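In what follows, a structure is listed as structure tokens, so that the remarks can point back to it.
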Amino acid sequence: MAVSLKESTTDSGVVDTTNLFKPIHLKQLPHLTQYVSSNIQTHPNPLDHDPNFHTDQAFYVSQSDVVLRQIAYDLSGTFATSSPLCAYHRAGPRNQVFFHPSEVRAAIVTCGGLCPGLNTVIRELVVRLWDLYGVRQIFGITAGYRGFYWREPVELNPKLVDDWHKRGGTVLETSRGGFDLNKIVDSIENRRFNQVYIIGGDGTMRGAVKIFDEIRRRKLNVAVVGIPKTVDNDVGIIDRSFGFQTAVEMAQQAISAAHVEAVSAVNGIGLVKLMGRSTGHIALYATLSSRDVDCCLIPEIDFFLEGKGGLFEFLDKRLKENGHAVLVVAEGAGQDIIPRTDSQKQEKDESGNPVFLDVGVWLKSELNKWWKREHPDELFTVKYIDPTYMIRAVAANATDNLYCTLLAHSAIHGIMAGYTGFVAGLINGNYAYIPLDDVASAKNPVNTKDHKWSWVRSVTNQPDFVRS
């Protein structure tokens with residue numbers, strides 16, 4: 001029976017939390033033994049005999065090791081909390097494995113857009129499968145999902161991938177679309193792959209769910225793991241996506257350049273468009289980090305241009321005060337107020353996402369029109385910077401390289417233990433295994449009612465864009 005989170009106070013004034021916590025619901029992971037008809041043999045973990053690992057009893061992770069999804073609570077009971085409390089299996093090596101290394105045929109694929117750290121994940125999957133578990137049959141699927149049935153796989157080894165972590169992009173190449181479920185699973189079955197590592201964003205994870213479901217329907221002895229990638233940080237449940245911190249770091253350079261351009265002109269505005277189709281995390285964190293931004297516009301907030309409390313009024317005031325301003329806008333912001341034709345409203349990209357109009361180009365045009373209308377005899381300059389491909393095409397920084405390494409290790413340990421249909425991810429600073437369908441359906445919007453957005457408002461002093 002769930003107990004209330006409401007606090008009680010003892011005579012001494014100390015809050016009594018004896019009955020604070022509700023029962024913890026452990027999210028169960030799919031396992032090969034649940035649907036593969038043949039008897040699966042277990043084997044001692046090869047790490048037992050690895051001279052570089054001095055294992056003891058506490059080295060291996062057990063079924064009772066879990067990671068809580070939520071760790072902050074309001075003891076007053078004023079605000080609702082999730083019920084029941086949710087936990088995930090902790091990532092790490094198990095003492096028994098369900099694949100003999102000599103029988104493993106692993107496939108690695110990268111899908112969707114580029115992101116810093118892709119090559120690091122690939123390299124670490126290859127090197128650690130080879131060195132830690134003795135796997136010798138590792139293949140790269142080129143050109144995304146269509147590569148399963150469109151091209152021959154590339155055989156990978158540690159020597160080949162040795163310096164891949166120093167490169168941006170993905171050496172395996174990537175693409176959007178090309179998702180033909182039956183052709184993909186037929187290829188997996190015909191090529192005798194029994195471990196499939198899928199690296200991609202939320203759309204890729206939704207495809208991975210379908211692949212896993214079809215593999216399970218066919219009762220194939222194939223384990224599937226997703227490693228979530230998105231430079232926008234829009235994958236839910238996990239702390240952050242790999243590549244995000246590198247993206248914020250690169251965004252800083254664009255903002256710094258925009259600031260220099262703005263302060264070097266009379267009534268200068270530096271306008272920077274950053275990545276973020278559905279979420280404004282890059283814009284938010286780059287704004288907080290730089291201290292040069294006067295206004296940050298993200299998809300999660302509506303804004304307007306004209307009238308009291310609008311963007312133009314704010315920028316007019318800021319230019320009078322400082323002589324310059326820096327405006328950061330995420331690519332998905334303002335899409336509902338940009339004029340478009342009926343055909344443009346129906347347009348989709350290869351992944352099925354709505355095609356966005358360029359909010360940066362539109363804003364630059366609107367700013368120039370506004371100034372010419374309101375201040376026809378005064379100097380004015382808008383310098384527009386779009387660093388999109390600079391941000392996503394660079395190699396990962398040190399923090400993301402470490403993160404990519406540990407994500408790859410976690411994925412390998414889980415799949416060798418027979419888990420399947422899961423994602424390896426960071427939750428509250430701990431690596432965990434999360435069911436694929438949970439991640440595929442979860443979103444990660446910026447919460448404009450929490451402290452992070454308050455910090456942005458306090459740094460920029462921008463309006464709340466609520467009409468009077």
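Even glycines carry a Cβ here, placed using N, Cα and C.
In the predicted model, the domain 'Phosphofructokinase' (105-413) has a mean pLDDT of 95. Taken from TrEMBL, the feature domain 'Phosphofructokinase' applies to 105-413.
A C-beta separation below 8 Å, combined with a sequence spacing of at least six in one chain, links Asp202 (ATP binding site) to Pro228, Thr230, Asp234, Val235, Val439, Ala440, Lys443. For Gly113, Arg176, Gly177, Gly201, Asp202, Gly203, Thr204, the entry in TrEMBL reads ATP binding site.
The feature Mg(2+) binding site is assigned by TrEMBL to Asp202.
Taken from TrEMBL, the feature site 'Important for substrate specificity' applies to Gly203.
Annotation source TrEMBL lists substrate binding site at Thr230, Val231, Asp232, Met275, Gly276, Arg277, Glu331, Tyr389, Met390, Ile391, Arg392. Around the Cβ of Thr230 (substrate binding site), 28 further Cβ atoms fall within 10 Å across all displayed protein chains.
Counting only same-chain residues at least 6 apart in sequence, those with a Cβ under 8 Å from the Cβ of Asp232 (substrate binding site) are Gly201, Ser241, Phe244, Met275, Gly276, Arg277, Ser278, Thr279, His281, Ile282. The feature active site, proton acceptor is assigned by TrEMBL to Asp232.
Using CA atoms as reference points, the binding-site residues Glu331, Met390, Arg392 were checked against Gly177 (ATP binding site), and the closest is Arg392. Between the two most distant C-alpha atoms of the annotated ATP binders (Gly113, Arg176, Gly177, Gly201, Asp202, Gly203, Thr204) there are 13 Å. Proximity of Glu331 (substrate binding site) to non-local residues of its own chain (separation of 6 or more, Cβ distance below 8 Å) is seen for Lys273, Leu274, Met275, Gly276, Arg277, Phe356, Asp358, Val359, Gly360, Thr388, given in sequence order. When the neighbouring Cβ atoms lying within 10 Å are counted for each of the binding-site residues (Gly113, Gly177, Gly203), the highest count belongs to Gly113.
Listed in sequence order, Met250, Gln253, Ala254 are the same-chain residues six or more apart from Met390 (substrate binding site) with CB atoms under 8 A from its CB.
When Cβ atoms from all protein chains are considered, those within 10 Å of Gly276 (substrate binding site) total 25, not counting its own. Of Gly113, Arg176, Gly203, Thr204, all annotated as binding-site residues, the residue with the shortest Cα distance to Arg392 (substrate binding site) is Gly113.
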